[in-house]
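These come from TrEMBL:
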type: DOMAIN; residues: 20-500; note: domain 'Major facilitator superfamily (MFS) profile'
type: TRANSMEM; residues: 12-33; note: transmembrane segment
type: TRANSMEM; residues: 107-130; note: transmembrane segment
type: TRANSMEM; residues: 137-157; note: transmembrane segment
type: TRANSMEM; residues: 163-188; note: transmembrane segment
type: TRANSMEM; residues: 200-223; note: transmembrane segment
type: TRANSMEM; residues: 229-251; note: transmembrane segment
type: TRANSMEM; residues: 315-339; note: transmembrane segment
type: TRANSMEM; residues: 351-372; note: transmembrane segment
type: TRANSMEM; residues: 379-401; note: transmembrane segment
type: TRANSMEM; residues: 407-425; note: transmembrane segment
type: TRANSMEM; residues: 446-470; note: transmembrane segment
type: TRANSMEM; residues: 476-494; note: transmembrane segment
Amino acid sequence: MDGKSKMQAEKHLTGTLVLSVFTAVLGFFQYGYSLGVINAPQKVIEAHYGRVLGAVPVVRHGINASRDDGTVTVPIPSTEVWGSSEGTLPPPGGSEDPAVSPHILTMYWSLSVSMFAVGGMVSSFTVGWIGDQLGRVKAMLVVNVLSIAGNLLMGLAKLGPSHILIIAGRAITGLYCGLSSGLVPMYVSEVSPTALRGALGTLHQLAIVTGILISQVLGLDFLLGNDKLWPLLLGLSGVAALLQFFLLLLCPESPRYLYIKLGKVEEAKKCLKRLRGNCDPMKEIAEMEKEKQEAASEKRVSIGQLFSSSKYRQAVIVALMVQISQQFSGINAIFYYSTNIFERAGVGQPVYATIGVGVVNTVFTVISVFLVEKAGRRSLFLAGLMGMLISAVAMTVGLALLSQFSWMSYVSMIAIFLFVIFFEVGPGPIPWFIVAELFSQGPRPAAIAVAGFCNWACNFIVGMCFQYIADLCGPYVFVVFAVLLLVFFLFAYLKVPETKGKSFEEIAAAFRRKKLPAKSMTELEDLRGGEEA
């Protein structure tokens, strides 16, 4: 960011803007908390399920190693939600002891974890409709009721059939997070000045990793992750929902929504003045007017039209691929293996080392807030993917040679931290806000809904399938992610445009330039010049 841009950014950073963005991203804090909170008290909750259902809980362990009795154990993910949870596996060729591993508990636990992602998938398609019908702020207010209700069910789980209340609470919370994960980027991108749009957009990911980290810490046995307090741990993000509800009453509506969707010019100007301070709002109003005219000419864009129209095809493909690259990058696998690798490296309390990974996760998300406007979205996305690719290769080498060279555990440890750092530099935060930057007002709600569904669906697929892939590939599971990361890098290099400091019209023009051959593009510009003349 040059000196002039920096001065403009500081000028536009008002108290109302800070309050509005902070309040909005509390929705992503709840998303992160819900992702991480279910894993820490797993054994305690399963024991409770066992008492309620009259079954013996599955014995689960935190490291991927063989015990003296030959039973193979697998690690429990520390910071990411898995659609299915594996416990003690029988020895090869042996038979499963139904008293130790009842299917009913596994089924209920899997549902307790995965219903969160199912709820998110279901609700993500309604984001555009709710955002347009109610407005951005009112929509966030209304959907908070889902979060409060879901957290209440989980917080009161011991007073009824706990497995049913937790599954229902997770599903309802997932419905909230699916809506929030679309509404929040929509609102933040629309209230942010162009000079700050990227930096404020990275706060989505910061809120997520902060939520994950806090859920990890509170989930420790001596805090809330015990038999007495686990319902409070599960329902605690309801406090953030209540805080967000009351703070939203102080936040202005999106000026773009007021001006472009409702045609309320004076209200839009009033909200702009609240958000920008004493700045003249007419420049942004002029940009909105231009966008409004374009939106009027292209009519309302449905999800079907988004896919069928060649006008949006490149932007839709990019929007979907950045979401896929975030979920299929292997970040879940890193968290999955981290406890095991720290254990083998001789760390006495690997759970605290895993929390250390969460701290690194959070710190480098903060750093990315400052990097994203200086280096640009595309550059950071590419750098992050390449860094993760190199780290995945190092991780594979470290895990494969761990039995031969003990010092390879340190290679694996370093690779874990580097992988997390590079994820938070680009593939972590950028997909959350770049989709809103790729589309103008007309197709934006539909695009955010589709991208949100894609993200949730990929989250669910990773959760359901990773365990089986890990069992099949062993330490070479990261080869799969290395190949995927290479594909994502090549795609981003060829197709993802730079959106730093550009208006929506300029970004759309960049897609048109990539789509049309040079001669056709020149003819199109000449034609437009003739029409303007």
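Cβ atoms here come from the backbone N, Cα and C positions, even for glycine.
Computed from a predicted structure; not experimentally measured.
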Two-stretch contact, the transmembrane segment (107-130) and the transmembrane segment (476-494), at least three Cβ pairs under 8 Å: no
Cβ pairs under 8 Å between the transmembrane segment (229-251) and the transmembrane segment (163-188), at least three: yes
Remote residues contacting the transmembrane segment (163-188) - C-beta distance under 8 A, at least 6 residues beyond either end: 20-21, 24-25, 27-28, 30-31, 34, 38, 45, 49, 52-53, 108, 111-113, 115-124, 126-128, 130-131, 136-137, 139-140, 143-144, 146-147, 149-154, 156-157, 200-201, 203-204, 234-235, 237, 241, 254, 432-433, 435-436, 444-445, 448-449, 452, 455-456
The transmembrane segment (200-223) and the transmembrane segment (12-33) contact flag, 3+ Cβ pairs under 8 angstroms: yes
